[in-house]
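Take a look at the structure below.
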Amino acid sequence: MRKEENLESPLLSDGEPAPAYSEGSTYALVCALLASLTSIIFGYNRGVMSGAQKYVQEDLGVTDGQLEVLIGATSVYSLVGSLAAGWTCDRAGRRRAVALSAAMFLAGSAVTAAANGYAALMAGQLVSGVACGFGLVVAPVYIAEIAPASSRGFLSSIPEIASNSGILLSYIADFALAGLPTTLSWRLMIGIGAVPPLFLAVAAALAMPETPRWLVLHGHPDEARRVLARLAGDADRRLQEIVASVREASSKSCAGESPPGVWREILVRPTPAVRRVMLAILGLQVFQQACGVAAMILYAPRVFSHVGITSDRAVLGATVLLGAVKTVAIVLPLFLADRLGRRPMLLSSAGGMAASLLVLGVSVRAAATWWAAAASVAATAAFMASFSLGFGPVIWMYASEILPLRLRAQGTGIGTALNRVMSAVVGMTFISMYEAVGMAGTFYIFAALTAAAWVFVYACLPETKGRSLEEIEALFDTAGFNKPSPRATPS
């Protein structure tokens, strides 16, 4: 099994860590930070409509139903972008995919900010949504292939932090610009999002190198060596490993291990172990969005207005608090996941979210009083913190561990696609749902779904902390799957 798993580039292998060379690590950090601008821009585009939507409706006469479609459709568009991004990364290169992502973010923000009607808004969000799909893919791929083994874990965590930082920055921009005339405020809120993509496009064209693995795959070993010389101490050895890995992957592909065969193994004829792995991944992706996090990110100002917070600045200030809590909390799993384990963090996260949603439902059901407003803000902040401690970042970590390497790209793609579809469903139905069953009833439904997520984690997900890839795969055979909480060896 180990031999079969070593099809990936040494830059992505689980082998012996490379020595930490300070100069190479610094260069890799700079490259990772530049690539992570796509994640910051993605977060900004995802969160900015939270505060801008009220002014868009006032200025352009957009109805609640149109707004739901406008916001939710962005997730559908991002699904298209994420599927196209993989093909673009392979054909045009990782660096050019980053530049293309930046160009689309720039165009989408500009078109949306200049819109004079609903059709133009939809056109701008179409471009921005496709760009968001690119942002979900290109930064992690680029960083995973450019990072030295000694710092890959840290560098690979930067996009998740960057995405949440982008959401926070969008909330701050909404708060700062809310006092301007209506027709100007929302256009500036969205238009500011065009500035970072311009910088990123220039950086991708002038400063960011292509990844060594892509260069080797496309017949540029000399250029790959020059990049490796800046990333690692023994460039020749690393280059030889990459070349050998590419040749081995090519030979195995010629022998029959083609992508269609992988798709058949996942969707048509999965083994019992693969079926259980995919059940775990798809279940986590569904429950991550079914808890209502997209509604919190996109519609928090509406929730706060519902409980009697009437000042626009107070509403947007409370939203900034949510973004700050989410951004700070997202850092903690990076240090706790290997110490506490994945299951405890996911169970604690689901329990905290369910309790927070119940409190939020009770508070919005009460009369519009100061304590109801304070309880609503506190419960929403607790929900964001609980989400960021587990169901936000840990599900991606868990999925990458339990998928066999030969199925990782396609399996992750299926999970991401389902995640985007669920996000679109929540974004496009939240207003209609609370108009039908009430704001409190909506949060009770989210609480029930989150409680179901807790049961799913407890019953179906074994612990992976401290286990080798072979041990993790064994957990998903018949015996291992029926033991949801095995004791892992200390890490």
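Yeah, the Cβs are placed from backbone N, Cα and C, and that goes for glycine too.
As recorded in TrEMBL:
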- 31-465: domain 'Major facilitator superfamily (MFS) profile' (DOMAIN)
- 26-44: transmembrane segment (TRANSMEM)
- 97-120: transmembrane segment (TRANSMEM)
- 126-149: transmembrane segment (TRANSMEM)
- 186-208: transmembrane segment (TRANSMEM)
- 277-299: transmembrane segment (TRANSMEM)
- 314-337: transmembrane segment (TRANSMEM)
- 344-364: transmembrane segment (TRANSMEM)
- 370-396: transmembrane segment (TRANSMEM)
- 417-437: transmembrane segment (TRANSMEM)
- 443-461: transmembrane segment (TRANSMEM)
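Note: the stretches the transmembrane segment (97-120) and the transmembrane segment (370-396) are not in contact (fewer than 3 CB pairs below 8 A, sequence gap of 6 or more).
The stretch from 126-149, 314-337, 344-364 with the most CB pairs below 8 A to the transmembrane segment (277-299) is 344-364. Long-range neighbours of the transmembrane segment (370-396) within the same chain, counting only residues 6 or more positions beyond its ends whose Cβ lies under 8 Å from a Cβ of the stretch, are 157, 160, 164, 284-285, 287-288, 291, 293, 296, 300, 303-304, 307-309, 318, 321-322, 325-326, 329-330, 332-334, 336-337, 342, 345-353, 355-357, 359-360, 362-364, 453. Ranking 26-44, 314-337, 443-461 by CB pairs under 8 A with the transmembrane segment (186-208) puts 26-44 at the top. A Cβ distance under 8 Å defines the sequence-distant neighbours of the transmembrane segment (26-44), meaning residues of its chain 6+ beyond its ends; these are 98, 101-102, 105, 131-132, 134-136, 138-139, 142-143, 146-148, 151, 155, 158-160, 162-170, 173, 193, 196-197, 199-200, 203-204, 207-209, 230-231. With a threshold of 8 Å between CB atoms, the same-chain residues lying at least 6 positions outside the transmembrane segment (443-461) that come near it are 276, 279-280, 283-284, 287, 290-292, 295, 342-343, 346-347, 350-351, 353-354, 357-358, 360-361, 364, 391, 398, 433, 437, 481, 484-485.
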